[in-house]
Amino acid sequence: MNQIHKFFCNMTQCSQGGAGELPTVKEKTCKLSFSPFVVGASLLLGGPIAFATPLSGTQELHFSEDNYEKLLTPVDGLSPLGAGEDGMDAWYITSSNPSHASRTKLRINSDIMISAGHGGAGDNNDGNSCGGNGGDSITGSDLSIINQGMILGGSGGSGADHNGDGGEAVTGDNLFIINGEIISGGHGGDSYSDSDGGNGGDAVTGVNLPIINKGTISGGNGGNNYGEGDGGNGGDAITGSSLSVINKGTFAGGNGGAAYGYGYDGYGGNAITGDNLSVINNGAILGGNGGHWGDAINGSNMTIANSGYIISGKEDDGTQNVAGNAIHITGGNNSLILHEGSVITGDVQVNNSSILKIINNDYTGTTPTIEGDLCAGDCTTVSLSGNKFTVSGDVSFGENSSLNLAGISSLEASGNMSFGNNVKVEAIINNWAQKDYKLLSADKGITGFSVSNISIINPLLTTGAIDYTKSYISDQNKLIYGLSWNDTDGDSHGEFNLKENAELTVSTILADNLSHHNINSWDGKSLTKSGEGTLILAEKNTYSGFTNINAGILKMGTVEAMTRTAGVIVNKGATLNFSGMNQTVNTLLNSGTVLINNINAPFLPDPVIVTGNMTLEKNGHVILNNSSSNVGQTYVQKGNWHGKGGILSLGAVLGNDNSKTDRLEIAGHASGITYVAVTNEGGSGDKTLEGVQIISTDSSDKNAFIQKGRIVAGSYDYRLKQGTVSGLNTNKWYLTSQMDNQESKQMSNQESTQMSSRRASSQLVSSLNLGEGSIHTWRPEAGSYIANLIAMNTMFSPSLYDRHGSTIVDPTTGQLSETTMWIRTVGGHNEHNLADRQLKTTANRMVYQIGGDILKTNFTDHDGLHVGIMGAYGYQDSKTHNKYTSYSSRGTVSGYTAGLYSSWFQDEKERTGLYMDAWLQYSWFNNTVKGDGLTGEKYSSKGITGALEAGYIYPTIRWTAHNNIDNALYLNPQVQITRHGVKANDYIEHNGTMVTSSGGNNIQAKLGLRTSLISQSCIDKETLRKFEPFLEVNWKWSSKQYGVIMNGMSNHQIGNRNVIELKTGVGGRLADNLSIWGNVSQQLGNNSYRDTQGILGVKYTF
């Protein structure tokens, strides 16, 4: 291909220009611009080129609203017959739909060549010695052109006195061009006198031109001069403004015409010229060859993204040889983005007062960024970011210009680097290897530059802090950027002050600086970490001073990162992160935080060994449980451990003795006081025997480790103790869920005096020495869940008399008085124990209920049926206390109910004899449980409860007392069956414990006798005012015991299966339409079960 191309270039002046080989690129093959002579040459070589039958003369095409697409055909008869006349244009296109340019399409198929007329040659005999200009091939605007053939501008005619210029291939505004083959400007005509050769035509010109090119777009070649004049200039491949180019093919400027006499060769054309340009190049963009080389890209306000070839034109053999540019910035604000595969050959020229931002995203480093020079004029601004930027030639900056370096960018030249007056260099350094880093370098020297010209901006540095970096000039050809730590000129220091969220990795060895001059009061061997950012030590440093962590994070990036340090001091609020790597600290004074590894880092299978002594100050914290999924990590302190009230945090999956847990191993002696906080990471809890080991020491003081806060799993409370349950291994510390009977009694007896504060409780629990006959400690939250379950099922469970009070019947006339609306208030107090014999619960409740009859009917002349509705609000607050651990938990229930009731009396008038009562209601509640030191839990519950009651009212005797008070005595045996169906769904606590209620659908039976006395004074005989005191004795039996299952371990209320209830009260009518009633009841059961309740009710008759 390249040999054929070379043949055509020599024989026919190839439109891409350039003797010699074109670059071979992927999807970037050179396309040839054919003149009619080229077509003939192709036929001679056997090329299968065929064209459709042409039209004749200049053609005009108009796109109407209904005509959106047209196939163009060739046009003939465009070249003039007369000497020196201009060639005719091929197509004029107009459109009625400028807003639909993308829909107004011209198609040129692969068998079509659209060529304008060629200019006529001059003829002295005809009186016209000048050659004519070539015509334009397509002229129009607001179009889409899809080319799979050839579009050629007309060539200029040759002349003795003057020659013709080549025509343009496509000209117009608002053109969207998709080119798959060839678009070429016409060639200039040759000159045979002292007149210059004709100029080549441009391939594409216009404004607002989006172009997608997969073929070849090239300017026409300039005409040769065979006399004493200059060669003609090559045309541009594309020129205009607001150009948007996507190139996977080739753009080429036309070659300048050769001067074979005493003149100069013509200028090579530019590949792309214009203002407001956007270029995405994955092909080749080539300047034209000539006496003055053409630019590959020339313009202003450009954005160029390159992963292909951008190459300036090359010299011809003429007497004038002026280098062109690969990229020529003529003004405005410009960007050059370099991707992998980018090749720029030729100079990059930035005119005065222009701006160029270069982003180098090519990290292969295989070739220089520019094969040429970088020349920036006066008052220019050049910004570099990304990878280093290399230039094979010279670099120059004019007066008052600026060079900005960002990230890890640098500028390196193989030639000279020169700076004019008042040039400013600004470097913004985010992160680098901290070894001496070349910001600027030039193999042949840097001139016009000093350190005063540079401004270093360190975006990681805390505002106002002393910079840990410094820049200096080395050997007159390098600007070096490095750490102040290594400075030998008196400004050295060892402080790294990083702002919040900043992270700096030091990848060079920090050794003692023996040549420091103490200007900054630095000892030359100590490291100080300040500021809220993170400093990472990635090498095995050898400095011998102290490591002071005043703020932020000091993180290890390798093992033994500070092995020779005299000691490490972690101040309050600061963090030392070992990153899971073994370290030597000699001494570690921790008033801040020490992390075994990064938060949420993967599990560490090997222990982290820290050599040196640990002092854990009051504000200090050592964290082994850096992630909830990393339980089982081990921290080894290869030295002594002294606690001054700091905290050690571990994780554990708590169960039996074989539970998986983080561990602290101390090779030396443990002394002082260290508080231990253990987080259960999903363990179900279980009964332990000897305990779960979490800490081991070579030797240990008593109470060197004290439990902080509660340690819970499932239904169990764990505690920290020294040694095993059997009293062995007192140099080790264990978690246990059990306590022996003797000391549980001691705990219970001393609870009121020795457990007055939580700290005293923790110390006592931690110091217990267990023996045989131990018991396992239960969490008090179990009692709160049970108390809530009891309340939600029982607080809305009235009997007939609780709901209606007494039925008032006149003792003389037997007349019945009743109401249709009632309100009652209930207050109660409950105390019960749980089956574990550790937990005791007390609860207080209030209920506000309202109801009334909505229907009254009868089946016979004597009976009566009443139907009513009722609703209520209730609230309970409970507290459960463990007498052994002194931990408590509080529960609350708050909810509503709504339902129906129905009562039937055998004798509606007398209200004696048999009666039946039933009710059914739906209840819903919000519940909470909050244990000491634990996150509060919230859950809901709902369900249906109902009851059926029957009784017989028997009047035994009536009499009038000596004070004229009429009395009637009634006996009322009664029975009630209640089904409690309110329940909560299974609930998972914040600590992972699964909570399930038990004892649901409980059936409660009540059997009892009620005795009442209705009395009316003689002074009230004309009124309805009367009173009824009563006394009830009931036996209550429950089919189930309310309980809870926590991670498979169950506990339940005791004492409520068989309960005796005593109830007494009085009811009466205060006025004809107002009655009140009230009673007090006391329930007693086994195991200290008791429930006290009072009711006050009001009835109103309408």
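Along the chain as shown, residues are numbered 1 onward.
Just so it is clear, glycine is given a Cβ too, placed from its N, Cα and C backbone atoms.
Since this is a predicted model, take the numbers as computed values, not measurements.
Residues or ranges marked as domain 'Autotransporter' by Swiss-Prot: 814-1102. The feature region 'Assembly of F-actin and vinculin binding' is assigned by Swiss-Prot to 103-507, with experimental evidence given as support. Residues or ranges marked as repeat 'N-terminal repeat 1' by Swiss-Prot on the basis of a curator's inference: 140-171. Summarising the annotation, Swiss-Prot assigns repeat 'N-terminal repeat 5' to 274-307 and lists a curator's inference as the type of evidence. Annotation source Swiss-Prot lists signal peptide at 1-52, citing experimental evidence. Per Swiss-Prot, the feature topological domain 'Extracellular' maps to 53-807, 828-845, 872-911, 934-941, 964-968, 991-1002, 1036-1059, 1081-1093; the stated evidence is a curator's inference. The feature topological domain 'Periplasmic' is assigned by Swiss-Prot to 855-862, 951-954, 978-981, 1012-1026 (among others), with a curator's inference given as support.
The topological domain 'Extracellular' (934-941): residue composition by secondary structure is 0 helix, 5 strand, 3 coil, according to DSSP. Within the topological domain 'Extracellular' (872-911), the DSSP-based counts of helix, strand and coil residues read 0 helix, 29 strand, 11 coil. Sorting the repeat 'N-terminal repeat 1' (140-171) by DSSP state (H, G, I as helix; E, B as strand; all else coil) yields 0 helix, 13 strand, 19 coil. Per-residue pLDDT, averaged across the domain 'Autotransporter' (814-1102), gives 91.
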